[in-house]
Amino acid sequence: MTKILIVEDEAITAMDIKHNLINFGFEVVGTAASGDEAIKKAQELKPDLILMDITLKGDMDGIEATNKIKTLLDIPVIYMSAFTDKNTYERLKLTNPYGFVSKPVSSELLVVSIEAAVYKHDLDKKLAESEEHLRLIFDSSKDFIYSYDLEGRFTSANKHFCDSANLTKDEIIGKTGPELGLPEEQNDKWAKIRNHVCETDSTVKMITSSIGLDQKVYEYEVILNPLHDINGEIVGISGVSRDLTEHKMLKKELDEVGELFQNLYNNAKVGIVTGDTKGHVINCNSAFEDMLGYSREELKSMSFKEFTHPDYIQEELSLLESLRIGKIKFYELEKKFIRKDNETIWAKVTAGFGISTDGKPINSLVIVEDISERKRSEKEIRDYAAQLKTIFDLSDRALAVTDTKGHWINVNKYLLNELGYTEQEFLKLTSSDITHPDDVETTADLFLKLLSGEIDDYRIEKRYKTKEGEFKWFDISVKPIKDKNNRITSVLGAGHPMDKKD
């Protein structure tokens, strides 16, 4: 229901209009008898339309009241008056009224005027919103959007265009290129292009280099279209220009990065493989070819299962599935590969999936490092350690190793037999646990001096407690074990039992 405010200083007339409007289904939210009261009630009641008598009692007439209301609110106004002179009519037009009815007011004419005013006001609001939306698009665009008349004078320019030229819109509109500082030959070039658009009534698309209003040379992608009036006559040209300078620089940088990646890909010492999400090879580098002995073309027709040792296929299938469902982002796996010549090699595999913009996994990227030499070295170390352990256990002297805090980390069978412990029992103890209370302080003092570098080694006669709780004397020589950086990592004690009694 349309809400109406009536502004009329004749109370009887106001009541008559109110009664008629209510009968026609309108809601009269209030009446006002003066300009000041009209302004106040318009702000309070926010009607959909105001019926405004031009002649009001007091210092403010209806036209002045309307002007003040329009600075505060967007409300359509229909004027009412018994007469108007030319001066009043000119003032009235400046307020953009939505209608005028003569007094005495015809109810039917008033209803038609109100409905037309409300309808037109709704259209105006929608048009204003649409224009504002288009303006925001126009001024938010990172492209240069502009238009010329047939003489080459700018008739519009968006914010990006103005900002790039360091000029306001008012400084650009109505000016030609030379008037804004463009070289004459540049203007001649654009004049020919504009003439072609107008003569052929067609769209022109091109990529061209131009001197901008900031006097810098830019490369643009340009689209020019003829502008027509309602009669179909060409009245100007609209243009959209996109600066390709930054795009070309970015493309150059991307090309350089791509070339660098390609060089790394081709010359890497590790294998690089791209594949699908199910483990089929799409491409690989030369290092991977050399690693497995297959050509790139042969590998492209293969699944990872065909060159993976059977012991690792199921584990890697499980890892690939975890990648595919997003449970993990990548995985590392040390596994055996089977070369084309059926030789087995060890490799460390690091694999992950690329993710598309919609979050789905796409092709995999796999880095393969040949670790066969490392595995051989590890085996040699394990074999050597086993040999040392055998020698350690077969020694005819008591041997034991502690860490730098005195916890046992290794012990030979000779010492275990002397003290009666199993290896598992012994390694749960510390040196202090089995040292006679009277020997603890001396042992600790020498141990700390050894760790600090104050002494290189030491020899001590001390008592160790057997599993049965008795104490045995041992003559022990102690030396530090150091890493390649000359840091003490553990301590070795070697000795034999003594017949000495307490």
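Glycine is treated like the rest: Cβ placed from N, Cα and C.
Quick look at what TrEMBL annotates:
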type    : residues : note
DOMAIN  : 3-118    : domain 'Response regulatory'
DOMAIN  : 130-176  : domain 'PAS'
DOMAIN  : 200-256  : domain 'PAC'
DOMAIN  : 257-311  : domain 'PAS'
DOMAIN  : 331-383  : domain 'PAC'
DOMAIN  : 384-454  : domain 'PAS'
DOMAIN  : 458-502  : domain 'PAC'
MOD_RES : Asp53    : 4-aspartylphosphate
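Over the domain 'PAC' (200-256) the predicted model carries a mean pLDDT of 80. Distant neighbours of the domain 'PAC' (458-502): 397-404, 409, 418-421, 425, 433-436, 438-439, 442-443, 446-447, 449-451; these residues of the same chain sit at least 6 beyond its ends, with a Cβ under 8 Å from one of its Cβ atoms.
In terms of DSSP secondary structure, the domain 'PAS' (384-454) contains 41 helix, 13 strand, 17 coil. The domain 'PAS' (130-176): residue composition by secondary structure is 22 helix, 10 strand, 15 coil, according to DSSP. Counting residues of the domain 'PAC' (458-502) by DSSP class, helix then strand then coil, yields 0 helix, 30 strand, 15 coil.
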